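Database features (Swiss-Prot):
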REGION    156-193  region 'Disordered'
COMPBIAS  156-167  compositional bias 'Polar residues'
COMPBIAS  168-190  compositional bias 'Low complexity'
REPEAT    251-272  repeat 'LRR 1'
REPEAT    283-305  repeat 'LRR 2'
REPEAT    307-328  repeat 'LRR 3'
REPEAT    330-351  repeat 'LRR 4'
REPEAT    353-374  repeat 'LRR 5'
REPEAT    376-398  repeat 'LRR 6'
BINDING   GLU505  Mg(2+) binding site
Amino acid sequence: MNYPPPLSGFQKPAGQAVPQMVGTPQAVTQQLHQHPPGLMGNQGNQHQPAQLNNVLPMMMNQVQNVITGGAGGPQQAVGPPNVGTPNAAQAALVAQQLSNANNPLCHPHLADPSLLNSPIWKLQLQLAAVSRQSLGQSNVYARQNAMKKFLNNQNQLGLSTNGQDGVQSQQQQGQQQQPSQSGQQQGQQPLGNDASMSLVEHTKQHLMEMASSGNEATASAVNVNSDLNSTGFSTPNTPKAELHPNTPSLLLQHKKLSQYNIDEDDEIEHRMVAPTNSKHDDQLWHALDLSNLALFNLNEKLFHYEFLTRLYLNGNSLTSLPSSIKKLRNLRVLDLSHNRLTELPKELGMCYQLKYLYFFDNMITTIPWEFGNLFNLQFLGLEGNPLDKQLVKIIAEKSVTGLIFYLRDNAPEIPYAKDRKFIEISADGEPTNEYESLQENTNHMNNTLLKNSFTLLSYNTLCHHYATPKMYRFTPSWALSWDYRREKLKEQLLDFDTDVICLQEVETLTYEEYWVPLMEKYNYSCLFHAKTRAKTMHAKDSKKVDGCAIFYKKDQFQLVFQDSIDFSSAWRSHKKFHRTEDYLNRAMNKDNVALIAELKHLNTNENVWVVTTHLHWDPQFNDVKTFQVGVMLDYLETLIKQHHHVNNNNDIKKIPMVICGDFNSQLDSAVVELFNSGHVTANHKDIDQRDFGYMSQKNFSHNLSLRSSYGAIGELPFTNMTPSFTDVIDYIWYSSQSLRVRGLLGKIDEEYASKFIGFPNDKFPSDHIPLVTRFEISRGNATQTSSRKV
């Protein structure tokens, strides 16, 4: 929905004209440079960050005049032209700030002058002073933005005039600039430049100055960051460990590195040039300025504007911020300064895209632990609050980044009270009972079904080479460490105790040195295949490449046949291979693989094909994922025909098969359509206008009868959870004519999941969650077996 733009401007009595920013740039500049009404009158209009002690006497006098009517009586106009007298609420806000002006609890540098030696605390004071200058000016951000656009238009007009009129135009422009130049000679600021600068722009400017200063620690952090990102820097003194992971870039080629230090303006710019399907919507405005409007409460409808990237609530009389602020997950800038807030809602920590958060001059004493999620934050404006001394010390010494990491790493544990249920499925495909665990379900099953069934788990374990502090800045450092995550993975796999385990993103060295000894100890046989690029690397580096693994219980299965598919090379050797531009430019250089095992189920003597894969990650290459699945299914059909000596399509459909893994494909993708329907619609958005030769000509079709095992209860709410993406991309597909689903591992407790912006965390060691299915082998077993003991 394209919401109408909000009304902006001054609040006024009925029948009174709205003050206008009219006239020349000089007039607009003068209006923007006026001091807040009731603070300083009309003197001293230079826009300079004044020291609080210097302006206190004048501010006190002006506030007294506002409250009492002053020497001129109640009708005396106070403040700049065209701006009305501040109302009682605004005057009370000013009075509150003045009463705290010499309070060392609100201004800790008064009690601890050593804070003034910290460039980070100096920046707090500078920007707090800039923020206070806007107090009382309704919609000040909108005014500044209008001024900026006006000046840009004037500059463009001037350039255009220069090009058309030549020397005559230059002479005229020189005459027009004479007043401005003479003003500069008298020591004034260049016209309009400072007037159009918002608090956010001042913040960026000061951060850039700090980054380019001679401070060795700051320069070091910036240099490290500039090696990794072309978009500037994050915050001063960002720990090197967070920005410089020791992972070869080649190993990261299939993972998207998050750019956490893009300015909010750049973010909008990038969205405008992004492909249509990646844009937020057709919304034309993304900022809302409600500054200095004497607001006491916020309407809940405000938080339906989930498209907002900037929200300005400074200079009001707000005493609380509703928890529904968490809905505004696109926010980059939030200004809450100069209100009466006593606390910040913990739900604000869900707005992980915040880059600039200001709450100068409130009554806030602490910062919620949930702010450890705000890993994109570049500046946190907190001066003027009676904050806990420890928090002040951390931010003064380690900057906002250090504070966020402190909150992240020391947050209290969130209990995981409700584990995932195991859902029993009847032979008719209907959910019947829920059990606390897979083991409890097994204990309640009859022997016949136990004999005819097996359990399978699929899990992307998040290879530790991809789990870098830069990629997962929201995860506590101790919970992201490989030692911790590996132990958690071990606990999960052994607790589920499934008959078959299929893992993706398993490092070769970890497979050989950790998983093989561990799984053999628990009576599993082990299979593995690394991604294609391992073949092109030195032996030492190739051990760091990840791949797919299959583990199966020796007392349940016997290996009949093992194979693997390197999608690109498998297609090149296909008898109908034909070079196309899309194959050469888009698919050929992808190194994704699939691991295949034909296993004999010892209790039934039926052979079951188990396949696990991990498709390419990039959503801009959905056509390549479709191609990879097409190649895999075509290859599997050929193997089945060879091993089972069948050519009839109906016979092929009856061969027991499970295909599972991380398909990086959502429910509306061509990949899912291909599995479900056996082909892809020719004009599907994922493959439209793409040409992969024979694969495209036959619409990637296959003759296998496959369904998603979770179709019995509906796909889970998500299988992959990160701050920027939460959805279903992992699946377990099975041959519906020879296997029946008899049980499924359910969803993660929604209340628990809602408290996080992404995984991994202390309970879930990967950004994916495991899927578990119990299959009954139904081929040759026409009798429907009840699941319960009698």
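Glycine is treated like the rest: Cβ placed from N, Cα and C.
Listed in sequence order, ASN460, THR461, LEU462, CYS463, TYR466, ASP546, HIS614, ASP662 are the same-chain residues at least 6 apart in sequence whose CB falls under 8 Å from the CB of the residue listed as 'Mg(2+) binding site'.
Counted with DSSP, the repeat 'LRR 2' (283-305) comes out as 5 helix, 3 strand, 15 coil.
Sequence-distant contacts of the repeat 'LRR 6' (376-398) (same chain, at least 6 residues past either end, Cβ-Cβ under 8 Å): 97, 100, 103, 105-108, 115, 118, 120-121, 123-125, 127-128, 131, 203, 207, 234-235, 237, 260-261, 337, 352-367, 404-406. Note on the repeat 'LRR 6' (376-398): DSSP counts are 10 helix, 3 strand, 10 coil. Outside the repeat 'LRR 4' (330-351), and at least 6 residues removed from its termini, the chain residues within Cβ reach (under 8 Å) are 93, 96-97, 131-132, 135, 141, 199-200, 264, 267, 280, 286, 291, 306-324, 357-374, 381, 384, 757.
For the repeat 'LRR 6' (376-398), the model's pLDDT averages out at 96. The repeat 'LRR 4' (330-351): residue composition by secondary structure is 5 helix, 3 strand, 14 coil, according to DSSP.
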